[in-house]
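If you check TrEMBL, you get these features:
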{"type": "DOMAIN", "residues": "3-53", "note": "domain 'Pre-SET'"}
{"type": "BINDING", "residues": "7", "note": "Zn(2+) 1 binding site"}
{"type": "BINDING", "residues": "8, 35, 39", "note": "Zn(2+) 2 binding site"}
{"type": "BINDING", "residues": "35, 41, 45", "note": "Zn(2+) 3 binding site"}
{"type": "DOMAIN", "residues": "56-179", "note": "domain 'SET'"}
{"type": "BINDING", "residues": "139", "note": "Zn(2+) 4 binding site"}
């Protein structure tokens, strides 16, 4: 199902990523192309999800088991819904290697490799970012990583979007698998 008029260059070449409710319907690993400034559709287009930003009430809290800070949702989140974008400073992989050694000594890292096609860039959320900086790792996560392209179609620079893998209860901690590709 494509939108009337094919909507946007990315969406027309690829399967439409969202259903009418804005829930992702393609498997993780496939890229998401959202409509952008080159499209004639408006802000309410169903192919504009990640670019609308966080739509849930989330809060940072101190974990009880020594994992530092975490993020929980204050409202129920439906399965396959967009929750947040992993935001930070975009640096080269060489710079990430250098910073990573410093972060390792400090015992914390906020580096996310953008290795969708090749490992050239990394997102560093240590000094600049959003609430995603506080989301903890889990081997059984409730968030899944997707690579999203909106204005920029350079495959080396995807935006990192986190979608719910299952329904998430109000009050539940949000987690993703740091080793997931």
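Just so it is clear, glycine is given a Cβ too, placed from its N, Cα and C backbone atoms.
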**binding-site residues listed as 35, 139, least Cβ neighbours within 10 Å** = 139
**Cα separation, residue 41 (Zn(2+) 3 binding site) to residue 35 (Zn(2+) 2 binding site) (Å, whole number)** = 8
**Asked** With DSSP helix as H/G/I and strand as E/B, how many residues of the domain 'SET' (56-179) fall in helix, strand and coil?
**Response** 18 helix, 48 strand, 58 coil
**Asked** Cα-Cα separation of residue 139 (Zn(2+) 4 binding site) and residue 45 (Zn(2+) 3 binding site), in Å?
**Response** 34
**Request:** Calculate the per-residue pLDDT averaged over the domain 'SET' (56-179) and state the result as an integer.
**Result:** 94
**Prompt:** If you measure residue 39 (Zn(2+) 2 binding site) to residue 45 (Zn(2+) 3 binding site) at Cα, how many Å is it?
**Reply:** 10
**Message:** With every protein chain in view, what's the tally of Cβ atoms within 10 Å of the Cβ of residue 45 (Zn(2+) 3 binding site), excluding that atom itself?
**Reply:** 18
**Prompt:** So how many other Cβ atoms are close to residue 39 (Zn(2+) 2 binding site), meaning within 10 Å of its Cβ?
**Reply:** 19
